[in-house]
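Visitor: Swiss-Prot lists these features:
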BINDING   Thr76, Asp97, Asn125, Ala126  S-adenosyl-L-methionine binding site
Amino acid sequence: MDRPGETTHFGFRDVPLGDKQTLVNDVFHSVASRYDLMNDLMSGGLHRVWKDIMINALDPPRGDRPFALLDVAGGTGDISFRAAKAAGPGFHATVCDINSDMLAVGRERAAKRHLETQVDFVEGNAEALAFADRSFDAYTIAFGIRNVPQIDLALREAYRVLRPGSRFLCLEFSTVEMPGLDKLYDLFSFKVIPPLGRMITGDAESYQYLVESIRKFPKPNAFADMIRDAGFARVNWQTLSGGIVALHSGWRL
């Protein structure tokens, strides 16, 4: 639900709250076809390590026991494919993303991996999920929640669709905490990533937004408080690679 008159940030710009989703959609329509390649180039391949750590924390069952994962903002399927590889035959993932171009990439990748029966793709909004209460055994969101206009609504929706005893996991860029690395990281982010985006995708502005959006995202302790406010218990986090990213966890008890 929009909040008339309110503003939010789109990168370093202040925009009307109701406009942010359209602006974010335009970013991902523009970069969808080269999104995963850019992730490799921007992170030096480290995003693969971070995602594997997330899947290890998820620890999906390896037997026949049914296990339903909701992967939000997971359009290209990377998290769900990794989870399916780690899980047993009872595993099923639903990828929910608001961007149709990202979902198209994910569906194509699922077909190439012969995962159509284990992973399906649904266009939807993290702030208003079209799923019944207590439908899923886990909820993951990787590098997506900072793009949601109303993060508090998305967190409440995550809580709503999880069954009691289920886990919320969020992997997101964070605040670099290692002295010296912070300056190098800022230099790389603002001087290298947008030109790299122009070279690979033809779009520097989208990557300018992405690096700015990281700086506007709450610090790990503040984001943990938001997760608790949504109803989750046993909330904790770990920072990775000197604080470049953080993995937050919470449980619906």
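Cβ from N, Cα, C; glycine included.
Could you place these features in context, so I can see how deep they sit and what lies close by?
Guide: Taking all protein chains in view, 27 other C-beta atoms sit within 10 angstroms of the C-beta of Thr76 (S-adenosyl-L-methionine binding site). Taken residue by residue with DSSP, Thr76 (S-adenosyl-L-methionine binding site) is part of neither helix nor strand, so it is coil.
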Visitor: With every protein chain in view, how many other Cβ atoms are within 10 Å of the Cβ of Ala126 (S-adenosyl-L-methionine binding site)?
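Guide: There are 24 such Cβ atoms around Ala126 (S-adenosyl-L-methionine binding site).
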Visitor: Inside 10 Å of the Cβ of Asp97 (S-adenosyl-L-methionine binding site), count up the other Cβ atoms and send me the figure.
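Guide: A 10 Å sphere around the Cβ of Asp97 (S-adenosyl-L-methionine binding site) contains 26 other Cβ atoms.
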Visitor: Looking only at DSSP and grouping its letters into three states, which state does Asn125 (S-adenosyl-L-methionine binding site) belong to?
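Guide: The three-state answer is strand.
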Visitor: Would you identify the secondary structure of Asp97 (S-adenosyl-L-methionine binding site) according to DSSP, in three states?
Guide: strand
Visitor: Output, ordered by sequence, the same-chain residues six or more apart from Asn125 (S-adenosyl-L-methionine binding site) with a CB under 8 Å from its CB, or 'none'.
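Guide: Listed in sequence order, they are Gln21, Ile98.
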